[in-house]
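Visitor: This is the structure I have questions about; it appears just below.
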């Protein structure tokens with residue numbers, strides 16, 4: 001009901017909607033409307049109320065609540081089911097639990113703040129309140145396990161496209177799962193699986209994105225390697241709008257992927273890849289290899305040609321760019 | 001303490017061990033010994049007690065309790081940590097939880113009975129009390145996700161070898177995860193993962209094995225396709241002994257695999273494969289293909305040559321043998 005009311009006000013943004021119209025469309029009493037208007041105002045929506053004219057939405061806050069996000073999720077099925085928590089340890093944990101309980105593909109978990117946000121390989125991810133997108137998406141692709149790494153690449157392309165669409169800024173992909181603007185990390189993707197050896201039960205995609213942080217928000221440790229959309233674009237952005245765009249891009253690419261395979265995704269990925277053709281060092285538990293990044297295979301494996309011309313298949317590593 | 005007492009009695013099976021010896025070695029009172037002897041007797045161990053001579057183990061029951069299983073786990077690290085429950089829904093569920101909590105590689109979960117035992121693709125697995133092995137093993141291999149299906153094949157080889165060692169009966173492997181004796185299923189392997197797209201957190205291997213069921217134990221539905229070691233070998237077997245052998249074979253092959261890769265495992269698998277060279281039908285959600293099973297790839301994918309000479313890569317399917 002609150003969501004439907006917000007939709008009506010938003011569709012008519014800047015114009016008055018009468019209490020009668022609302023009451024007719026949503027089939028509720030004037031008192032109920034007033035109660036929800038108050039709640040929306042308490043959440044930060046600025047709504048003008050004028051006798052005999054009705055209600056008018058003036059400005060909306062930068063929220064990632066289901067009612068705000070649902071304004072931007074469009075026609076697709078991704079993001080139709082939203083679990084929102086003001087503060088959580090990690091949206092991934094909640095999404096894993098929902099997936100085990102059978103949650104549908106496209107279900108998302110959003111939080112305003114994560115107290116124990118995780119990146120790849122169990123690393124910490126700073127997720128302060130009200131500044132970024134901390135989201136987990138449940139997918140249930142009918143693909144073999146061997147192809148799961150392709151999804152990370154697909155998501156990276158989708159997030160990069162969404163950023164470009166909303167902000168006009170190009171975000172390059174650093175294999176396998178980072179998005180960089182001007183060489184600094186703006187977003188990270190964590191793809192986790194619940195699977196059998198020959199079938200995937202669910203893929204839990206975690207997307208962390210720095211949106212409205214200012215430089216002062218970043219800790220000493222990461223200030224030189226992290227950035228936000230607001231820093232790069234020199235203006236704040238609506239997180240809900242970006243979430244809507246991200247989900248829509250993921251869903252589009254995902255359908256193309258399920259129908260036509262990895263080829264198109266691979267081309268899109270390579271066009272946005274930061275490291276291809278560059279001299280890089282791939283560092284992993286088993287050692288490090290320096291060479292030229294040649295491309296990715298159809299299974300999402302990075303190919304690296306070392307100084308002896310030997311091509312190495314990199315399944316998992318951290319990529320570094322040696323200083324020249 | 002009970003475990004140590006059982007070890008002493010078992011090492012000296014058929015001979016008396018004096019109360020003094022036990023009390024010295026285990027550093028406990030005569031009363032404590034008596035209490036544990038009573039407990040062991042209640043569990044089904046037949047222990048003779050003769051004044052001035054001590055205690056003598058006559059026979060032991062077919063149990064899968066930690067104290068009984070630990071008699072057979074030998075030198076390796078697999079099975080050193082055992083969680084045992086008389087009755088559970090599924091040992092996989094418990095093992096998944098333990099893995100999330102950080103349980104070490106080699107930890108096993110055993111149950112005497114499963115009320116909701118699962119096979120591949122969410123199928124039910126009959127796991128009645130006291131008759132079979134219902135076990136989950138936690139592994140933490142440092143291998144890429146793409147190679148996880150190799151582990152299913154490794155486990156199948158290990159279980160087949162263990163069965164042969166204990167019973168002398170050959171169990172053939174039906175791709176990907178069934179063990180057959182005389183064409184009937186005696187054991188199934190379920191390999192589940194907790195993983196990121198580029199690193200495996202844990203592999204939870206479920207092993208179900210029909211050991212001492214008689215024909216009357218099987219339901220109508222499966223009586224023509226299932227069998228047990230007791231039916232095939234015409235005698236009962238000690239489940240704990242088989243568990244010990246299975247764990248020891250898995251651990252041996254696993255170390256060989258981590259050091260030397262999949263080649264040896266592949267050869268062993270092919271030598272035991274039931275379906276290779278045969279005309280089979282691979283049935284999956286996306287349809288079914290009939291042809292000759294040519295072999296497996298280095299990634300555990302089954303290669304099937306259809307009647308037009310086209311070779312198909314089968315990632316996940318049910319294999320059927322068309323009647324001639």
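Even glycines carry a Cβ here, placed using N, Cα and C.
Pulled these features from TrEMBL for this protein:
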DNA_BIND  A:19-38  DNA-binding region
DOMAIN    A:63-258  domain 'BPL/LPL catalytic'
BINDING   A:114, A:118, A:119, A:120, A:185  biotin binding site
Visitor: Under 8 Å Cβ to Cβ from residue A:119 (biotin binding site), same chain, six or more residues apart: give me those in sequence order, or none if nothing qualifies.
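Guide: In sequence order, the residues whose Cβ lies under 8 Å from that of residue A:119 (biotin binding site) (at least 6 apart) are A:125, A:188, A:190, A:208.
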Visitor: Which residues in the same chain, at least 6 apart in sequence, have a Cβ under 8 Å from the Cβ of residue A:118 (biotin binding site)?
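Guide: Within the chain, residue A:118 (biotin binding site) has Cβ neighbours under 8 Å at A:90, A:92, A:124, A:125, A:190, A:206.
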Visitor: Suppose we call a site close when its Cβ is under 8 Å from a Cβ of chain B; which of the binding-site residues A:114, A:118, A:119, A:185 are close?
Guide: none
Visitor: Do you know the mean pLDDT across the domain 'BPL/LPL catalytic' (A:63-258)?
Guide: 92
Visitor: To see if you understand the setup: which same-chain residues, six or more apart in sequence, place their Cβ under 8 Å from that of residue A:120 (biotin binding site)?
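Guide: Listed in sequence order, they are A:177, A:188, A:190.
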Visitor: What is the Cβ neighbour count of residue A:114 (biotin binding site) at a 10 Å cut-off, with all protein chains included?
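Guide: Around the Cβ of residue A:114 (biotin binding site), 25 other Cβ atoms lie within 10 Å.
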Visitor: Sort the residues of the DNA-binding region (A:19-38) into helix, strand and coil with DSSP and give the three counts.
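Guide: Final tally across the stretch: 17 helix, 0 strand, 3 coil.
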Visitor: Could you tell me which three-state DSSP class residue A:119 (biotin binding site) falls into?
Guide: coil
Visitor: Using DSSP reduced to three states, classify residue A:114 (biotin binding site) as helix, strand or coil.
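Guide: Reduced to three states, the DSSP call for residue A:114 (biotin binding site) is strand.
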Visitor: Can you tell me how many other Cβ atoms are located within 10 Å of the Cβ belonging to residue A:185 (biotin binding site)?
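Guide: Residue A:185 (biotin binding site) is surrounded by 19 other Cβ atoms within 10 Å.
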